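Per TrEMBL, domain 'AAA' is recorded for 4-141. The annotation ATP binding site is assigned in TrEMBL to Lys12, Gly13, Gly14, Val15, Gly16, Lys17, Thr18, Thr19.
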Amino acid sequence: MDTRVIGIASGKGGVGKTTFSINLALQFAAMGKRVLLFDADLGMANIHIAFNKSITKSLANVIDGRATLEDIIVNVHENIDLISGGSGVERLADLNALESSAIVQSFSSLESNYDYMIVDMSAGITSQVIAFMASVQLKIIVGTDELSSISDAYGIIKVLSMKQILSDLVYIPNRVSSPITGKKLYENLNYVTNKFLNHDIEFIGSITEDPIYSRAWQADNPASIISKNTNASAEINKIAREIENHQVFNTPNNNSLQFFLTGIQVN
C-alpha cells in the first residue's frame with residue numbers, strides 16, 4: 001500500500017501547527033495506522049521535545065553520507081516514527097542528480113512501512129514551504145482568528161494560486177471558541193479566496209481552544225496522550241477520519257513517498 005503524504009503549514013508561527021501535526025499523528029496511530037512524522041520546520045524543529053525524546057542525527061547526515069535514513073528514524077510512540085529534517089530540509093531542492101536519486105530511493109524503501117507521512121513545515125511563506133506544498137497530496141493550512149493569522153494564511157493561499165497548486169487545499173481553524181466560530185472563520189476566508197482567486201478551499205473541521213495543549217508542551221507529552229476526553233481531541237479525531245476518506249488518496253499515480261521527494265526536486 002502506498003504511503004499517503006500530508007503537508008501541514010501555517011502563515012505565521014504560534015497558531016498550533018506543530019501541536020496539530022502531533023495530535024493528528026496520534027489519532028491515526030490510535031486508528032491502527034503507521035505514521036512517519038517528518039519535522040521539516042527549519043527554525044523550530046521541536047517535535048521530538050513533545051515526545052520527550054532526544055535527536056542526534058537528521059536528514060542532513062543522510063545527505064552528507066554519514067548516516068542512512070534508517071539511522072535517523074526515531075520511534076516516539078506506538079505506530080509513530082520521527083525524522084528530523086534539520087538543515088537537510090533546505091538542501092533537498094539543491095541536490096545533484098546522484099544525491100537526489102539516492103535520497104528518493106531511500107525514502108521509497110520506506111513505502112511499505114507507513115500508511116501516512118505527515119510533513120510539519122516551517123511557519124510562513126518560504127520557497128521550501130511552497131515546494132513541499134506542491135509535492136504533498138493533501139495540503140493543510142492551520143490558522144487562528146487573529147487578524148495576522150488570517151492575513152498570512154491568505155498570503156500562502158495566494159502564492160499557491162500563483163503557482164497553480166491550489167487543489168486539495170484544506171483550512172483548519174484552530175483555537176476557536178466554538179465549532180460555530182470555526183466554521184464562520186473558514187467561511188470568511190473562503191469568501192475572500194473565492195472572490196479574488198476564484199477558488200474554494202476545503203473545510204473538514206475546526207479545533208476549539210483547550211489549555212491542556214499548552215500544559216502538554218510543558219510536560220513534554222502530547223495532549224492526546226494526557227487527555228483523550230477533551231473537545232479538541234474529539235475534533236482532531238473527526239478530522240483524521242475525514243482525511244482517511246479524502247478523495248485525493250484515490251487519485252492514481254501520486255500516492256507515494258517517491259512522488260513527494262521527486263516533486264520537491266522539480267519545484
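The count begins at 1 with the first shown residue.
Including glycine, each Cβ sits where the backbone N, Cα and C put it.
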Taking the Cβ of Gly16 (ATP binding site) as reference, which residues of that chain separated by at least 6 in sequence fall under 8 Å from it?
Val142, Thr144, Asn174, Arg175, Ile207, Tyr213
Let me make sure I understand the structure: which of the binding-site residues listed (Gly13, Gly14) has the fewest other Cβ atoms within 10 A of its Cβ?
Gly14
Can you tell which of Lys12, Lys17 has the least company, meaning the fewest other C-beta atoms within 10 angstroms of its C-beta, among these binding-site residues?
Lys12
Which residue counts does DSSP yield for the domain 'AAA' (4-141) in the helix, strand and coil classes, in that order?
58 helix, 34 strand, 46 coil
Determine which residues of the same chain, besides Lys12, Gly13, Gly14, Val15, Gly16, Lys17, Thr18, Thr19, have their CB within 8 A of the center of the CB atoms at the recorded ATP site, and list them by sequence.
Ser10, Phe20, Ala123, Val142, Asn174
Chain-internal residues near Val15 (ATP binding site), provided their CB is under 8 angstroms and they sit 6+ positions away:
Ala123, Val142, Gly143, Thr144, Glu146, Ser149, Asn174, Arg175
Take the Cβ of Thr19 (ATP binding site) and count every other Cβ within 10 Å, whichever protein chain it belongs to.
25
